[in-house]
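The transmembrane segment annotation in TrEMBL covers A:6-23, A:30-52, A:58-81, A:93-117, A:129-146, A:153-173, A:179-197.
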Amino acid sequence: MSLTFSLAHLMGGIILVFGFSLLSQRRLAAMITIYQIQAFVLSAAAFWQGYAQHEVNLYLTGLITLVIKAIALPIGLRMIVAKFNMIRAVETAMPVLLSTIIGVGLIGVAVLVVLPSTLSAVSLTREDLAIALSVVLLGLLVMTTRRNALAQIIGFLSTENGLVLAAIGMPGMPFVAEFSVALLVLLAFLVVGVFLFRIREHFDTLDLTGIEEIERRGR
Amino acid sequence: MFVGLPGQGMHVHLDALSLLFLGILLPQVVAGALAGMRNSPTFWVFVLGMGLALAAADAFTLILGFELMSAASWLLVLRGDQKPATLYVGMAIFSAACLVPAVFLPAGSIAFLLIVLGAGAKAGLAPLHFWLPRAHPAPPAGVSALMSGGMVKVALYVIIRYGFVVLGPEAQPWWGGVLVAAGAASVLVGALRAMLETELKTMLACSTVEHVGLIAVGLGIALRAKAMGDATTAGLGLQAALLCAVAHGLYKPLLFIGAGEVKHSVGTTSLNWLGGLARAMPRLGLLMLAGAAGMAALPLGPGFAPEFLLWHAAIGAAGTGGIVARIGFTALLALLGLGAALAIGAAVRMFGVAFLGRPRTLQAAAAEEGERGPLIGMALLAALCVPVALLPNLLLDALSPVIRLLAPQAAQPPLAYAPLPLAGLAGLVAVGAAFILYRHGVRGSREVPAWNGGFGKPPPWLPFGDPATQPSATGFGEPIARAIGRGLLAPGGADPSEAFLLAPLARLHLRGVRVAERIRRATIRQRLAFIFTALVAFLLALGLGEGG
């Protein structure tokens, strides 16, 4: 039983570390790779939880995660990067050191929130929940600190990874919820992909500063 | 008066108080209709709203009538000018925002304060009077007359109805103190601005602020005395307030309609451009003189009896209560005296500058007598002024059911001022003097060098004389502006409530708009960051709250 806990926590920790390195990574191609590894670990965590909780649904979740997030989405992202010739693109809106410090603070906030407010719950879910919340907050931070639309999407996907991590750690979570979240992410990716192509057509860049400028002038 | 809701139907009931205010309203409506507003549906909706508010027996009907009145009068002000109308509608919305919750609150001090704020703003009580000198002069004269003479009375009616009748059992002495303080400030600012204002209709509106203040002082003294069980002072205060309302409802519409005729005939109502109108418009001049006598509160005029009663009430109130109240009411006496002196000055200046002397412009020189309709309306109001001026005792007898309704225990002493014998005596003296002059006076005519009324000799190239040789309205006001205005008004002669209440509000509004605009212009990332920060702050609060 203790192996269940420690392995689950280890995998959660690995996901958190990858979420953190997503924050400090400046190159788009590397960000995609990090995201892909994060998704792999997530699917492994889902399989392990399925084995520990004896739930068939969790195996299914792991499978969906593996197929959609660890394989399909990175391929799509890489195609976009190759198409737009952004393999070497480097951009941030905030100094990396500053965003890293903020990220550490966010993890502190997550621990501070989850640990006292779930004292009565099982210890397996408590630490898992703290890690999952940290991943969600880090993903949101990536979304706010990046200028590039593609980097913002990766942040969004990483946020969603945190949600799935919270869901698989929670015994008795219905499968429908996880399945629909996965589907939603796929749809969001498709929609955003179309938008990216439109933005690219108009501005020759995925940097959103241009749009912001136009918004400011237009009103 | 019960609250009443839309589903229950409307209730109308006429008691002595409603009848009195409807009676005040009736001659003004006739005069306003005669002054050219007969064919305007909005005018009649305005009148209907006022009537509905006065006759209402439940709070819902009262508010409905009040707001109908506000909306219709806004449309009428909008005919004159847009800016005052916007100021006016803002004030009307504020007043509604105070009145609507007030009528639903349980009887108590909060309800009373909200009533005074809402209805007082509508009546032009300081410090919420700044809209009145701007909005009242804007619409056509007939509407100005009804707004100044009637609409403020409806607002005062709401204060009376709630302060004395509906919330009467809960009344506290300091409620009266609030009304007295607001009224005293209105008297001072209104009279001072009326003395300094050079635009005829604006000056009349400032004078309305002063008279509303006088009525509020009377009501406040009565409310305080009623709560303290002082029967005589309560009766005197109510007599003063109601008589002042009746008198003001007659001579102020008269003056406003007259100002409209001046505008019609000369093309302007700026006092500095008028002069010598009594020669070109003798009938209008005579009627305006009657109105000015009322406004000045001179003995034998309609405005004197209320002031006389008010002084008596203030003296009575100064004899009761603690040391602060005694000092305060004694100061109030001095303040009322100052207000009366300024009112006389304003009336004399208005009549002297506009109707006497020499024309200051060609337009003023070419003025012609006003039209029949408005003159008939003014004559009606002036004729009604005569009994108010000469027989105030009879009028007070007629008012006694109202006073019994408002303060059942109030004593109603007979008036110690009898203008009719006084007028008779004055007439006797005049006849006697004329007789003596006729019998023993010097016969024949004597040649003396012309004094020429104090004017300089007009230069030959200016047939009507140099306007600069005649003191202007600004010039008449200047000594007062230097002596009192500097201390009481804001820098530049602006209204203190405008400078210290409206301007900071406007700045606050501008700042709020800028913040809102910045939020609206935020980029996607800024919005994301904002939501993100809010989320983190919420989580932090949750965590700290749970941990602590």
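Yeah, the Cβs are placed from backbone N, Cα and C, and that goes for glycine too.
Between the transmembrane segment (A:179-197) and the transmembrane segment (A:58-81) there are 3 or more Cβ pairs closer than 8 Å, counting only residues 6 or more apart in sequence, so the two stretches are in contact. The transmembrane segment (A:153-173) is in contact with the transmembrane segment (A:58-81), judged by 3+ CB-CB distances under 8 Å for residue pairs 6 or more apart in sequence.
Taking every recorded stretch in A:58-81, A:93-117, A:129-146 and counting its Cβ pairs under 8 Å to the transmembrane segment (A:6-23), the highest total belongs to A:129-146. Using a Cβ-Cβ cut-off under 8 Å and counting only residues 6 or more beyond its ends in the same chain, the transmembrane segment (A:93-117) has close neighbours at 16, 20, 23-24, 26, 126, 129-131, 133-134, 137-138, 141, 145-147.
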